[in-house]
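Comments concern the structure below.
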Amino acid sequence: MRALKSLLTGAALVAGLAGAAQAEDKTKVGFIFVGPVGDGGWTYEHNQGRLAVEEAFGDKVETIYQESVPEGADAERAITQMALAGANLIFTTSFGYMDPTINVAAKFPNVKFEHATGYKTAPNVSNYSARFYEGRAVQGHIAGKMTKSNTIGYIASFPIPEVIRGINSAYIHAKKVNPDVQFKIIWAYTWFDPTKEADAAKALIEQGADVILQHTDSTAPQAAAKEAGNVITFGQASDMSEYAPFPRVSSIIDDWGPYYVDRTKAVMDGTWESVATWHGIGDGMVGIGEISDAVPADVKAEAEALRDALGDGSYHAFTGPLNKQDGSAWLAEGESADDGTLAGMNFYVEGIDSEIPSN
Amino acid sequence: MDLSQINPILLLASLMVAATPILLAAIGEAVVEKAGVLNLGVEGMMITGAVVGFAITVNTDAPVLGFVCAAIAGAALSMLFGILTQYLLSNQVATGLGLTLFGLGVSSLIGKPYEGMKVTTLSKFEVPLLSDIPVIGPILFKHDPMVYVSILIIAATWYVLTHTRAGLILRGVGENHDAAHALGYKVIRVRLMAIAFGGACAGLGGAYISLVRVPQWVDGMTAGAGWIALAIVVFASWRPWRVLLGAYLFGGITVLQLNLQAAGVPVPVEVLASSPYIITILVLVAISMKGSHGAPGALGKIFHATH
């Protein structure tokens, strides 16, 4: 009886150790999300990237995530918990996670970190972003061509370079095709708050905007535009195709999947290095959602040509002559903006009648 | 800057719509707190109401039924809190926070199939004759029915609390539950009814967001409205008409600052964006400095008597 008991105990121990070893073989990949995975925009697309990792590696990976993590001290706690939970690689997917990511990375030198849309790196921290401003250029072109009131509303989130780049790019390309266009900008000071986003859209519409662009993450502005009936919108971060063909006439789609798969593979095979990645239309990280039939055929053709030129590098969204808002020269004829200036952009281009809030 | 682009009539009408979800949630919580119970689960009940109301409306094409079911869902969730705090004597603060987390989680689960779906919204109800009055008509009398329902709830709550025996008993239970118990009143029963009312109102407030104000289902869409409602209750010193004032003030400043931004007023954007919260905090500080801010005497205290 005692021998049987010992045998069973031994078998259980072996099985347990085997299970633990198998679990240890798995690469654990963590994701920190700023909104809910069902936001229909930014976080939804990052979660699609997470699912792409699961699909690519199957049983070899385990993914974990935490959604709706506020930027700031809470983020540091959440990232720390994820590292303590045994994550080998952690993607922190919002600008405001930059310093928390750097701080936590210093305490966990064996864990690899990837921070989205920031500019800081460390030996175990990479950063990555997409050239969303290329998509904004296409949106600006369509908006400038389609507005009847010459008033374009822009719902901005926070005054960070990524958002300011988007406003400038959209404005430049709207102004290029419609010199009478003006931008009305509302800073929502949130990435995700459907009621505030809807209220912002309504305020802009009530003040004459017949095109709404957004750099916030929910589909609420689309719903507000649909209710208004004569306002066009663009999907942000995700296709938001449930509002196509009208009011949503096109979109910027963030495709994080290939990058997430690539970086996970690098951790798995030991080739991961700290890098800064900034991809755009050409690399497939920024997609332009289908331009609907609500857009006139000639405008659609022009927008697609602009998309292709941005994609193959024959055209840069920030090409001179361009002045800063205060009238000082920025880019000469034919000159393109360098990545350093774009990465830290903290000024509007000439013609935008608004002020950038201090962060 | 072009202030002429701000239409004051549209602005004031928008104010009423923006304030309604907070107003509904806050009046419900005011009654709960008047009965001596602190339920921090307002956000959880609101978002549960939002998803249930949306789901029912999508499936039945009947927004009124959606609102009714949202109220039932909010009340049902509040009963979970009620049983835990009134019968099992759990800590009210911890249980309320747990209820919020539970509500956020369960709404996410229920709402998954409804993301991106269209919904039949409440149509506007133009009050005959009154809606034709210049200026006042469009501001006050061209809203969806829930705007009027919310004001009726405020009026009814004020009347019940101040002019009826039931209201007197509820306030007595909230001020001193031991004395109320000694007089033979069923403290727990009174509190459970108040908690259910609070849950129903929170559910209605949530459904208003998903069925009228946005109108769609998005995970996490209440985005802190329940916490604002809790602040409004204190802001209002637990008085129904002040709840109305507080909610309309907060909603009004929120809508106004967005309009002022769009009009390009030369006020720093960060000041405008934070103004609803700053003003709420300043009023709360002013109330606290006055000393007697009217908090029910037994608020948050556990009732230990045997039954």
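Cβ from N, Cα, C; glycine included.
Quick look at what TrEMBL lists:
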- B:6-25: transmembrane segment (TRANSMEM)
- B:37-58: transmembrane segment (TRANSMEM)
- B:64-84: transmembrane segment (TRANSMEM)
- B:96-114: transmembrane segment (TRANSMEM)
- B:145-161: transmembrane segment (TRANSMEM)
- B:192-211: transmembrane segment (TRANSMEM)
- B:217-236: transmembrane segment (TRANSMEM)
- B:243-265: transmembrane segment (TRANSMEM)
- B:271-289: transmembrane segment (TRANSMEM)
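Contact check: the transmembrane segment (B:243-265) against the transmembrane segment (B:64-84) gives fewer than three Cβ pairs closer than 8 Å, residues 6 or more apart, which falls short of the contact criterion. With a cut-off of 8 Å between Cβ atoms, the residues of this chain six or more beyond the transmembrane segment (B:192-211) that come close are 20-25, 27-29, 31-32, 34-35, 37, 39, 42, 45-54, 57, 63, 66-67, 70-79, 81-82, 86, 119, 121-122, 146, 149-150, 153, 170, 217, 221-222, 225-226, 229. Two recorded stretches are said to be in contact when at least 3 C-beta pairs lie under 8 angstroms, sequence spacing 6 or more; the transmembrane segment (B:217-236) and the transmembrane segment (B:96-114) meet this definition. Put simply, of B:6-25, B:64-84, B:271-289, the stretch with the most CB pairs closer than 8 A to the transmembrane segment (B:145-161) is B:6-25. In this chain, the transmembrane segment (B:271-289) does not touch the transmembrane segment (B:96-114); fewer than three CB pairs sit within less than 8 A of each other, excluding pairs fewer than 6 residues apart.
Remote same-chain partners of the transmembrane segment (B:6-25), defined as residues 6 or more beyond its termini with a Cβ less than 8 Å from a stretch Cβ, comprise 42, 45-46, 135, 138-140, 142-144, 146-147, 150, 153-154, 201-202, 204-206, 208-209, 212-213, 222, 225-226, 228-229, 232, 243-244, 247-248, 250-252, 254-256, 259-260, 263.
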